[in-house]
Structure formats: C-alpha cells, structure tokens
Amino acid sequence: MFPYQPMYPMQPMPFRNPFAAPRRPWFPRTDPFLAMQVQELARSMANLTFKQRRDVPPEGPPAKKKKKDTSQQGGRNQNGKKKNKLVKKKKKTGPPPQKTNGGKKKVNKKPGKRQRMVMKLESDKTFPIMLDGRINGYACVVGGKLFRPLHVEGKIDNDVLSSLKTKKASKYDLEYADVPQSMRADTFKYTHEKPQGYYSWHHGAVQYENGRFTVPKGVGAKGDSGRPILDNQGRVVAIVLGGVNEGSRTALSVVTWNEKGVTVKYTPENSEQWSLVTTMCLLANVTFPCSQPPICYDRKPAETLSMLSHNIDNPGYDELLEAVLKCPGRGKRSTEELFKEYKLTRPYMARCIRCAVGSCHSPIAIEAVRSEGHDGYVRLQTSSQYGLDPSGNLKGRTMRYDMHGTIEEIPLHQVSLHTSRPCHIIDGHGYFLLARCPAGDSITMEFKKESVTHSCSVPYEVKFNPVGRELYTHPPEHGAEQPCHVYAHDAQNRGAYVEMHLPGSEVDSTLLSTSGSSVHVTPPAGQSVLVECECGGTKISETINSAKQYSQCSKTAQCRAYRTQNDKWVYNSDKLPKAAGETLKGKLHVPFVLTEAKCTVPLAPEPIITFGFRSVSLKLHPKNPTFLTTRQLDGEPAYTHELITNPVVRNFSVTEKGWEFVWGNHPPQRYWSQETAPGNPHGLPHEVITHYYHRYPMSTILGLSICAAIVTTSIAASVWLFCKSRISCLTPYRLTPNARMPLCLAVLCCARTARAETTWESLDHLWNHNQQMFWSQLLIPLAALIVATRLLKCVCCVVPFLVVAGAVGAGAYEHATTMPNQVGIPYNTIVNRAGYAPLPISIVPTKVKLIPTVNLEYITCHYKTGMDSPAIKCCGTQECSPTYRPDEQCKVFSGVYPFMWGGAYCFCDTENTQISKAYVTKSEDCVTDHAQAYKAHTASVQAFLNITVGGHSTTAVVYVNGETPVNFNGVKLTAGPLSTAWSPFDKKIVQYAGEIYNYDFPEYGAGHAGAFGDIQARTISSSDVYANTNLVLQRPKAGAIHVPYTQAPSGYEQWKKDKPPSLKFTAPFGCEIYTNPIRAENCAVGSIPLAFDIPDALFTRVSETPTLSTAECTLNECVYSSDFGGIATVKYSASKSGKCAVHVPSGTATLKEAAVELAEQGSATIHFSTASIHPEFRLQICTSYVTCKGDCHPPKDHIVTHPQYHAQSFTAAVSKTAWTWLTSLLGGSAIIIIIGLVLATIVAMYVLTNQKHN
C-alpha cells in the first residue's frame, strides 16, 4: 500500500555511565541443582493451577505451548535461557508467514485487561461443573462458602469440593456448603457495594446501572451459569445465573448481596438459565442430540426436511437446523457465510397484480413490504432469492429466480427498484431484499434479460419515519443521539422466522408434446413428474422419472403434467397451491430485522426566551415541524402539546411551583417564578399600590375598593350630618322676626349673625341664657385633642402582620420530625436535650424513587397476516379442518378454476373446490417494536439522603415505609410512610419506546379489532397469542390461485399515531418517569416523617460548648423569595471558642448553615432565605436566642432556574409601610366621621336645650 518500507520502533540503547561501576560484593554461589529443583516445582504448581481451565480456553488465539515446550526441552541446560533467546531471535529473522484463505488474514482477538484479570483470579477459585464430559456450569468459592447454581447438573471438577454436602436454597437457585478450613484462605471476598459503572467477568466488562447487570448481546451464553462478577479490587459483587436478550444488550440474572449481607436475587423477565443442557430431537421415534443429527441435507435432502418438520416446535430447532447444514467430514465454511439455511429453499413464480401490462405470473412477485424503521430503509419479500446461485451455493450480490421451472441468475446490480424515484439496493438474502427508497405510494421491482423486461408493482406508501419530537424528512449530519429502530444490514440470527413448506404440484404444459397420435411426457433431468390424463373413459395417474408416451391420448389438453419436488422448501405463499396430503412445514430465520440503535436527530434552533413577571415568552422559529410540550410542576400539570410549523411567539404563565417546557429534541427546561414586582413595598403610597397590584392584583383591587368605599361613605355621612344639623339649628331663627343668632352657632352652621359680637360677649350670652350650650362649646377642642392623640398613637405604633408557617419541635434522645419531599431542598433542625448542647441535623434528599409493583398483562405489536397456500381439489369437495391458530379463518369455495403459469390446474371447470385459510401472528419485528401493558399496584418509595448529624455525614438509601431502619455511625433512622399515598401511575399503564402512558387498555382476551390490544401475547417469546382483527375471507377470482381477504387496520399502529404525550411530559408534581424498572423520581408531593434514634455519644455536654453572654443580630441585606438572599450578622461575646448549632425554630426563615464556628468575641455571618417582606425571627445559637428583624426587598430576577429553598407554603406579609399608609387613610376617614358626629351632637343638644328653655 505504501511506497516505503514500514519502519518499526528500535529498542532504545542502554545508558552508558562514563564512570566505572563499583565492584559487586561477593556472595557464596547457590547450588545450581537446588535452583533447578525450585524452578521445576514452581513450574509444576503453575501448570496444576491453570489446568483447570483448559477445557474452556479464553477468547483469542490459542497459546503456542507445544512450540515453547519443545524449545525448552531442546535447550534445557544450565544456559537454557540464552538458548531460548537465540531461538526467538531466529524466529524474528525468518521469512514472513504466507497469507491463506484467499489473501484474507484472520484477526485474532486477544483477551482484554479485564478478562486477563478475571482469568487470573478465577484460576483457583472457580471450578467447572462437568456433565457427560462437558462443562455445564461453574461453582465458585466466596467468603468461605461454596456456591453453585441449583439448576446446573453435574459434578464439580474438584475432589474435595465435589464431596461436600450442600444445602439447597431454591428461592435463590443456589446450593451452598462450607468449604474446608484449608481452602478458606484462598477464596473470593464479596461486597455489597455496587456503585453504578463497569465491572468485570470472564468475558470482559459488565455494566451495572439502575440495579441491572447487562453485557453486549452475544457475550455470555449457556454454560456460563455460576461465573462471578468482580469489582476492581477482585471482590465478588454478583454470581451469574442466566440472562435474556434485550435489544442490543443482554440483561443478566444474578444473585447478589444487599447492605445487610442478605442474599438477593434479581431475574429479568423471560430470563433463561445458562446451564449447558443438551437438547434432544426426534427422528422416527429415536431421540438424538439436536446438535448431532444422524443425517444431513447434502446427503439426504428429503429425509432432512422431514426431520426438520417433525421438530419444528422443539426448543433445539435452531441447533438442529445449523447442524443439518454441515455434513460430517466436510470442511467448515467461513464465518462470513451467514444464513446457509436458505439453500434448503428455491425461488418460485407467483401472480403479481400489476406487471408491465396487467397481471401476470412473475418471477419477482412481491409478497410483502415493510418500512417500520427510523432510517428510511425498506425490507421486501419476493418470490426470487438473493445471495444464492442456481445450484444453491452462496454467491453475494446475485439474484436467482424461477423462470417456468428453470432457475436462473442475474447480478443484483442489474435489478432496479423504485418508488417515485429509484431506490438504492443495500443487500439481499434468501427471499428478502433491503433497500433505501424515497417517498412514494407504490414500489416497483424490475429487471431485463434477453430483451425481456420483468416487473412487478404493489401499492405501498413508502415514507420516512422520523424518531423524536421533530418531523424531519432526512437524517441530519449533526444533532443529538436518541434510541431508535433500524433494519440490521446483516443476516444474523435475531430470533425472527418465516414459515416454509413443501411446494404443491405445479402444472407445466411445456413438458407435454404430441408424437403422431399419442401424447409424449418428458420430465426434467433429475425430477419427478406426476402425470394425470383423461382419455375417453380411461383415467391415468402416475409419477414418472423418465420420458414416457401415452398412446391412449391424442391431444395434450387431455393430460396434465405436474412438477413434484420434495427436497426443497418454498415460502408458504397464498399464491401457490398446497401440496396434497400432510404438508411438511419448516421455518427459517428472517434477515434484516428491526434492531435497537442510536439515531442522530436534529435539534431545532433554541427559542428566544423573554422573562416577565410570572410569565415566559418563547419566540420559536423551527426548521422542521416541531412539538412544544409544557406543564406546570404542581398537582395540576395543565400540560399543552402543540406542533409548531411556522415561526411563532408563545406566552406562558410561571408560578412558584415551577414550569417546564420541552422544545423538540432538546432536554427539558424548568423555570420558577420569584415574588418580584415593580414598585417598592416600603415606599410611597403609589409605589406600594403598584407593587401589590403586580403581586396580588385581585386582592389589591378589592382592598383599594373597600378603602375608597369607606372614605366615600365617611365623607357622605359627614356632609349629611352637617346639613341636617344646620337645618335643625337655623330653622327656629328663621321663623322668628328680627332674631339674633349667637356667634358660635353661626360659625358651626355657617350662618351670618345678626350683629357682630366678640368671643367674650358670645360666651357671656351663652352663660346667661343657655349654660348647656356653653359647656358643649368648651368640650369641642377637648374632643378634637383626644381624637388627634389617639390617631397619632395608631399611626406610630402599628404592629406588623406576620404569618408563622410552623415551628419545629425538638425532642431528646428519640427525635421525630417531618421533612418535605422535595429533592435538593435542605432540611435543617436541631435536637434540644436537657444538659446537652443542641445537636444539628441536616438532611438533603438527592433522589426519591417511587417504584410501583407492576404485573405484565400482555404485549401487543403490529400483527402479520399469515395465509396458507390454498388447498385445491380438482373435481371434488373438501371440508375445513379445526382451527387452532390466532384469529384463524377457514372457508371452502366451490366453482373455482385455478390457473398457473404452466397452464390450467384442473380438468373440471366448475366442480373444483378451494380451501382458503388465513390467520394472524406476531410480526417478525415484534421483538423490537412492541408495547407492554402493565397493571400497576402499590408503590414503594425509596429515598437517597445526604444526612449530617452533628459532625458526622453519610449517604443513605432509605425505604420510606416506616418499617425499614437504616444505621450509620450509631444513628438509627426510620423514614416514612409518605404522607400521601399518591402515584402518577394509573392502575393500567403502557410502556412503549422507553416511555410510560396511562392508558385504559382492554383485558387479556378481550381485544377489539382496530384498537390497542387487537393482538396479545403474554410475553415476547410466548406462543399463546390472542388476536381479533375482523379477518374475513373473500371469494378468489376465477383463473388465479390466491386467498383474498379483508381485515381491520392494525390497532397498535393507530394507537402509536393517536397516543398523547407520555407521563415523561405530563406527570404532576414534576415527576421524572423512567423505565427498567418502571419508576417515578423526584416527585415534589407530600412529606416524609423521620424518626431518629441518636446514641449518647453524639451529644455534647453544655459545659463543653460555648455560651453567649451578649448577642445582637442585624440584617445587612435581605431579598425575600430568593435563594438565601438574606444575610444576617450576629455580634456576640462567648465564654470560649467552639462550634455551635444555629437554627430558627419558626418557619419564617430557612438557614443555609447548620453550625458556625465561634470565637470568644466577634461576629458570625448567617445566610437565610425567607418569604416575608418584614421578617422577624428568633435565631438560636448554642443555647442562646437572639431576635433578627428588618425589611426585605423584592428580588430583581422575575424567573430563575431553580426552586426556592424556603417553605413555599409561607404567605408573604404585608409590609409595615403599607400598613402605615393604610391606617393613615382609615384614620383620616374616621376623623371626618367623628367631626360630623360631633357637629350633629352639638346641634342636637342646642336645639333640645333651646326648646326646653322656651
């Protein structure tokens, strides 16, 4: 490849010291014979150690032990080491090895670092269990005990361990026994610590995540049961019992240990035991191992197909199918030659509804088309075959087809496939073809050979299926990775099958000819032909292998020649007739099935976000139609789900509980509003009104309306009283001629006196004529002075309105409290115990899991309609056999006239009958693309807590059930039960594509056609399938062999189109929904009761802690409704330096610090969070209390990306300034009313006194 010789790295030259080396001290020389004995003993021990693993060599090339031994034996002497080095050097200088296998060099995979480490540790601690000379599983020695899987039969390959008497633990599928004392020093250690990450076992790395051990698919198989899984320190974390394939990975069934050292078994659904049990098959009432059949296909093809048919339901069918393709003595083919089983089949001709001109019998008839992947690929099933030559040998990029009984081939690049535009053919194997096609409403396949064009078209809507939340039409170059389903580009065995059977007889008129007055039949070479003739009154029916002449008949129309072949299978197509008698069925693997993968999805441009007061504005400009989903993070999610196709602006309200939006394939974004608003709660009246109007618009409007009504009422009442008093006062003087009104009365009633008098003269007149009015006049200033004094007192001495959210009581040795179930929000409290210093307790929940108990009812997927080849009886009647398959329909049609490519099938015209059968089964892609219907029951709650008690911190996993305690540092903690038995999951839930939906699905066995659950199976691999698809058979068209039918569309596909957003986007309280296992995390609902049992050792005597002699608290800065936006400075004088707990007994403020360091004199800074505008709280430091109070200002940011750390149930107080202005307003209104009342009283007294005097 390169024009220059490759350069290999040279060995570095040794460093030469320019100074002479010191002489080595002399030691007495050891006996060479004794050294050789020690070396031989060490070598023998190493061989004994590794001999236990010779039956199962590791992955990679076998070790060249023989060459090494011979070289050592040939040069074994006192200078043996030098000889070995010379031999190695000679090997390097020898000629390079010649390439074999057509120039392909086999790449040997060497064991990795993990495998080498496990092999080294397993060598003398893991022992194979032998059964019939084969390794059936393994036993390992862990912690002084021998563990072996209960399901593994056989004898341990160790004399000491095999003689031990074991005890059975069927619950854990284990047998165990105590190992002898002499072996306990060299055993595995075990651990319950299993942080998420990667561990090691015999085959490499094991991933541990969400409580599950998984390995890549194909790593590990039967025979690995009992192998240990080790951590980096060589400790056993689990023992493997089995596994189950889940897409691209295999989930392991293991036995492990929990924190208490109790054995726990975890088994995934549909898990298989990995003991190497030999599966037996049957041939003529004789059993044999499925992997060792007595016959093979190349030698006895017909008998082999019969054997496969009789074992079609055997669990070892795949082993038998693989074994019959390899006859003993034949060389093994390359591992790249996959799916050799299709040499058991042959192509066929079938009717195509739309050829170049009308319908025809086409060699490339299209049977089925599927395009369910997310990569734009289409999988076709045709009557032609791919990857095989006419003789049945593997030949890549080749198509073979049946042309009137003759199998021909054509290069695959000469075959065209197109929809609206040409397709790109990826590969083909067997009856299946994989291609990438543009969108279109039909698909056409054609090729041309010898100036003849063969084509076939079928109606099928081909379109690109995007994955994710953006409806793109072409895969992007860059973006995010998401799980998806794609068609595998190889032909590996992935558990999907297609049904085969022996073909029926095919009429071939080309085999008939006339010679004189007789009919001549010429069978093809190596084939048998069934001849049926009706010549006059003579009926002939026989099978011939060579040419034969029938003189009884003179016309070819009197005879039918049927091709018969019992050594090849064909697809069980409705376009082919069924063979007479018992049909030998089989099944072969389907290539190019759907698999799980990672697809690149586009990311829509990020929205332009504008924050407002309790609102968010999103300016969206998508490139593709993109979904926008929003929800509130409280009990009422009020979610929205909208497909945005054009640039738009959407406005949403945000509350203190939180709001979340998901834009396309971007991760969710959450926002919380803060209690911010324009204006100033401590400013002038208009600023106060503006502030409260934005925060509480309805309450502010109502309050202002009430104040305005009070002021208006007071003014109106005062005016009315004044007018009434004036009229009552002036009326007597108006009726008296030349009456003179006193001066004081004229002033009160706003009337002009008859003559001008001084104040003294007026008082003298009242004293002489009306003393009651005199004293009333003197009381008016006194009343005004009293009112002014009381008003001033009310204005200056207003008590602010504070709401106390609650107090946290402190117990003693046994402490109980309640913590809000909100992740990330710290909860601080203290324990006050007589004679001891307060003990601070801080708890921060990092994760809270709600795991429901679920029961899988069934799985549903896209169904596949299976149609048996129609059974045609010429000139006779038939009856349907009993039906036993899902939704199977059977119907007999009379008066059919079938016709094949070789001519008419029957002699009769109207007496022929046809049995049509159709049924429903799971699609080949059901293993990957399916939905699971669960019933959910009581949920368990698991909390991950960061706990600090005093100076001791730990991380604990607590089951919130009120029963299961957790011990750490002597502290015993019991949590739960949760204050509310709430769950986001309904009684019926559906899991699809890693997401959970609340859906009321029909019960098992009660599905409806065209709805979810129209096809049901207990598990993916179970055979008990129920279906209801409204399958109705129709009468076949005359002149064609086919099975027409009508059927309801797939309810599963319709549900996928109509399904609402999953719980991931709609769950209340901000729950995060996950699968494997199904769970909800971090739901901010309810509270968690906690009970602490604290030992005496964690308490500190009061005498050993500092005490404060003086303390003064000042609020330096305070921003309410913000995360620790308050800063308090406490100046103190302490008895000595030390550490003290700080706490606020009330819920007015939440402290960031749980303890502070104190000096003998100084100040401490404490951060707090509050929702109060004018906070006033008592701060406990050690055993002393100090009061902190001040004014808080609103936060500057309207929206933040994190929740508030204070109690959200706390309602903010009305500021002191607002109360001052409010009381002033009400006080002014009261003065007006009081003045009116005083005037009315004075006038009334005067009128009454005057009338009495007169």
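Using N, Cα and C of the backbone, Cβ positions are placed for all residues, glycine too.
Feature list (source: Swiss-Prot):
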type     : residues        : note
REGION   : 33-68           : region 'Host transcription inhibition'
REGION   : 167-172         : region 'Interaction with spike glycoprotein E2'
REGION   : 259-263         : region 'Interaction with spike glycoprotein E2'
DISULFID : Cys281-Cys290   : disulfide bond
DISULFID : Cys355-Cys360   : disulfide bond
DISULFID : Cys423-Cys437   : disulfide bond
DISULFID : Cys484-Cys599   : disulfide bond
DISULFID : Cys533-Cys559   : disulfide bond
REGION   : 724-728         : region 'Interaction with the capsid protein'
DISULFID : Cys729-Cys750   : disulfide bond
REGION   : 729-749         : region 'Transient transmembrane before p62-6K protein processing'
LIPID    : Cys729          : S-palmitoyl cysteine
LIPID    : Cys749          : S-palmitoyl cysteine
LIPID    : Cys750          : S-palmitoyl cysteine
DISULFID : Cys874-Cys906   : disulfide bond
DISULFID : Cys875-Cys908   : disulfide bond
DISULFID : Cys1071-Cys1083 : disulfide bond
DISULFID : Cys1113-Cys1188 : disulfide bond
DISULFID : Cys1118-Cys1192 : disulfide bond
DISULFID : Cys1140-Cys1182 : disulfide bond
Self-check item: Pairwise CA distance, Cys1113 (disulfide bond) versus Cys1071 (disulfide bond), rounded so that it is a whole Å
Solution: 40
Exercise. Count the other Cβ atoms sitting within 10 Å of the Cβ of Cys437 (disulfide bond), across every protein chain shown.
Key: 25
Quiz item: Just counting, how many other CB atoms are there within 10 A of the CB of Cys874 (disulfide bond)?
Solution: 16
Quiz item: Same chain, outside the region 'Interaction with spike glycoprotein E2' (259-263) by at least 6, Cβ under 8 Å from its Cβ: which residues?
Solution: 169, 172, 174, 192, 957
Quiz item: Nearest to Cys360 (disulfide bond) by Cα, among Cys281, Cys437, Cys599, Cys1071, Cys1188 (disulfide-bonded residues)?
Solution: Cys437
Quiz prompt | DSSP residue counts for the region 'Interaction with spike glycoprotein E2' (259-263), split into helix, strand and coil | solution = 0 helix, 1 strand, 4 coil
Exercise. Take the C-alpha atoms of Cys1140 (disulfide bond) and Cys1188 (disulfide bond) and report the distance between them in angstrom, rounded.
Key: 18
Practice problem: For Cys908 (disulfide bond) and Cys874 (disulfide bond), determine the Cα separation and express it in whole Å. | Solution: 7
Self-check item: Protein Cβ atoms within 10 Å of Cys484 (disulfide bond), excluding its own
Solution: 21
Self-check item: Lowest local Cβ density among Cys423, Cys533, Cys875, Cys1113, which the record lists as disulfide-bonded residues, within 10 Å
Solution: Cys875
Practice problem: Pull the DSSP breakdown for the region 'Interaction with spike glycoprotein E2' (167-172) and write it out as helix, strand, coil residue counts. | Solution: 0 helix, 3 strand, 3 coil
Practice problem: Would you kindly give the Cα-Cα distance separating Cys1071 (disulfide bond) and Cys1118 (disulfide bond), rounded to the nearest Å? | Solution: 32
Self-check item: Integer Cα-Cα distance in angstrom, Cys906 (disulfide bond) to Cys533 (disulfide bond)
Solution: 11
